[in-house]
Amino acid sequence: MTERNQTVISQFLLLGLPMPPEHQHVFYALFLAMYLTTILGNLIIIILILLDSHLHTPMYLFLSNLSFSDLCFSSVTMPKLLQNMQSQVPSIPYSGCLAQIYFFLFFGDLGNFLLVAMAYDRYVAICFPLHYMSIMSPKLCVSLVVLSWVLTTFHAMLHTLLMARLSFCEDNVIPHFFCDMSALLKLACSDTRVNEVVIFIVVILFLVLPFALIIMSYVRIVSSILKVPSSQGIYKAFSTCGSHLSVVSLFYGTVIGLYLCPSSNNSTVKETVMSLMYTVVTPMLNPFIYSLRNRDIKGAMERIFCKRKIQLNL
């Protein structure tokens, strides 16, 4: 590396979580358990959808991709967090930091777009039940998934390349447990105006607009449900959307609370806690939400385990 009247850093120091040193081992065990639960829960959802033909429907195509996205999204930050909690020098290389930014944005955005696709699926299922199979054709479903992957690749690559052009000086301490883009921008000693303008535009296109589409879908869904005369029909319709609505509330609630409702008091602590919510807690809870409130998933588990039991007895 060359020097241009400034120190070019090769690594960043991650301050990690604001916790007393004596509680370090307790939190390490807690986060390790949460991470393993996230991996196991999402893998079970993916395997069930692959093995059970009853789940080969548009909704579960999106759900399997969402579970994969949650699994990977949590894996972007959690292994490094756990490693640094056991390390005397909690550092991350410059290249590793850029890689973490790329995959963090990629899998975070992928989950975002998949939630929009799932909202559209629920909208069609409830508002146009007789035309559901013709509208949600395999070609359209695959196209929505592929489009989600392509858009997220573009978005993640754009921010990573813009971040790579910045220069960082002597201050290399990130007050976070991962390479958060906003924290890195504060450390840069070169002009960050281009990054900030792009972030503003992309937030509108990749966060606000998808959220608005989900809200519009559910406004139409609720208005359609209220036209159903029977209470049983209303219950069935709400139960169909309940799992997805819970996941949407968890994801967007924490993101909006973190990025759109900034707080001046204890902002670092608040940002860290809210980041833990959507990087650790939400991916862990999603499999439970879909399995506990979903008869199809429960039925798939029963069929697969019963089939396995019969094969063992034979």
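Counting begins at 1 with the first residue displayed.
Placed from the backbone N, Cα and C atoms, the Cβ positions cover glycine too.
Per TrEMBL, these features apply:
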DOMAIN    41-290  domain 'G-protein coupled receptors family 1 profile'
TRANSMEM  26-51  transmembrane segment
TRANSMEM  98-120  transmembrane segment
TRANSMEM  140-158  transmembrane segment
TRANSMEM  197-219  transmembrane segment
TRANSMEM  240-260  transmembrane segment
TRANSMEM  272-292  transmembrane segment
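When averaged over the domain 'G-protein coupled receptors family 1 profile' (41-290), pLDDT in the model lands at 87. Long-range neighbours of the transmembrane segment (272-292) within the same chain, counting only residues 6 or more positions beyond its ends whose Cβ lies under 8 Å from a Cβ of the stretch, are 17-18, 31, 34-35, 37-38, 41-42, 44-45, 63, 66-67, 70-71, 73-74, 76-78, 108, 176-178, 180, 243, 246-247, 250-251, 254-255, 257-258, 298, 301. If you look at the transmembrane segment (98-120), the same-chain residues 6 or more away from its ends with a CB under 8 A from one of its CBs are 59, 62-63, 65-66, 69-70, 72-73, 76-77, 80, 92, 141, 144-145, 147-149, 151-153, 155-157, 159-160, 163-164, 178-179, 181, 184, 206-207, 210, 213-214, 217-218, 244, 247-248, 251, 278.
Residues 17, 19, 60-61, 63-64, 67-68, 70-71, 74-75, 78-79, 81-82, 85-86, 280-281, 283-284, 286-288, 290-291, 297, 300-301, 304 of the same chain sit 6 or more residues outside the transmembrane segment (26-51) yet have a Cβ under 8 Å from a Cβ within it. When Cβ-Cβ distances below 8 Å are used as the criterion, the transmembrane segment (197-219) is approached by residues 109, 112-113, 115-116, 119-120, 122-123, 151, 155, 158-159, 162, 181, 241, 245, 248, 252, 255, 259 of the same chain, each at least six residues removed from its ends.
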